[in-house]
Amino acid sequence: MTNQLCKLFVGGLNVQTTDEGLRAHFEQYGQLTDCVVVMNQPLQRSRCFGFVTYSSVEEADAAMAARPHVVDGNNVDLKRAVAREDAGKPEALAKVKKIFVGGLKDDIEDEHLQEYFSQFGTLEKAQVITDKDTGKKRGFGFVYFEDNDSADKAVVMKFHVISGHKVEVKKALTKQEMQSAGGRGGRGGRGMGRGSGYGGGGRGGYYGDYALGQTVCQVFFFFLVTI
């Protein structure tokens with residue numbers, strides 16, 4: 001775990017919510033090292049989202065575990081925040097509990113995925129994908145969590161080492177989620193921060209109900225964007 005997991009995105013804020021009001025709500029779950037409501041500077045008006053950063057992952061986890069949150073009368077959306085450079089990917093507005101794991105070596109089995117990713121939360125199952133005809137491993141797999149925040153935590157870390165091998169993790173989107181994201185691709189998202197935007201399209205195929213990107217190690221995915 002790293003400090004990446006300590007920063008949370010808070011969406012759907014009341015336009016009247018201030019830095020102080022945001023802090024007053026979220027500091028009950030732990031010590032905040034930073035707290036900001038993002039403003040439209042020319043208009044001096046809230047953009048209705050912000051960020052809170054805790055001093056430890058455990059405190060951020062406590063805030064996530066206390067969902068849903070109501071701040072100044074608004075039911076806000078709390079998610080893990082990730083770096084702005086990871087923007088430009090198709091969005092998945094639905095809560096995603098499934099992740100794609102690419103770059104798997106032949107010695108990695110289902111139980112290795114199960115054991116490793118259980119540190120991020122309770123798993124429903126983990127599966128290394130094999131060719132249905134030959135039984136040969138295809139170099140990727142899927143992990144299914146019980147909660148979307150567990151998937152977010154794994155994705156924020158992006159690269160992981162399992163059984164001595166570096167693998168890459170992305171959110172897995174269903175065909176329907178991918179098509180919906182593609183329909184919104186290319187436009188900037190209001191209230192998502194500078195440099196943000198929704199990306200769409202891209203070459204790729206599908207595995208079952210999941211959209212795969214340009215290589216077997218890519219899946220279209222969604223990240224929230226920090227400023």
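A Cβ is built for glycine as well, from the same backbone N, Cα and C atoms used for every other residue.
Here is what TrEMBL records for this protein:
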DOMAIN    6-85  domain 'RRM'
DOMAIN    97-174  domain 'RRM'
In the domain 'RRM' (6-85), how many residues does DSSP call helix, how many strand, and how many coil?
23 helix, 35 strand, 22 coil
Please count the residues of the domain 'RRM' (97-174) that DSSP assigns to helix (H, G, I), strand (E, B) and coil.
21 helix, 34 strand, 23 coil
Please give the average pLDDT for the domain 'RRM' (6-85) in this predicted model.
95
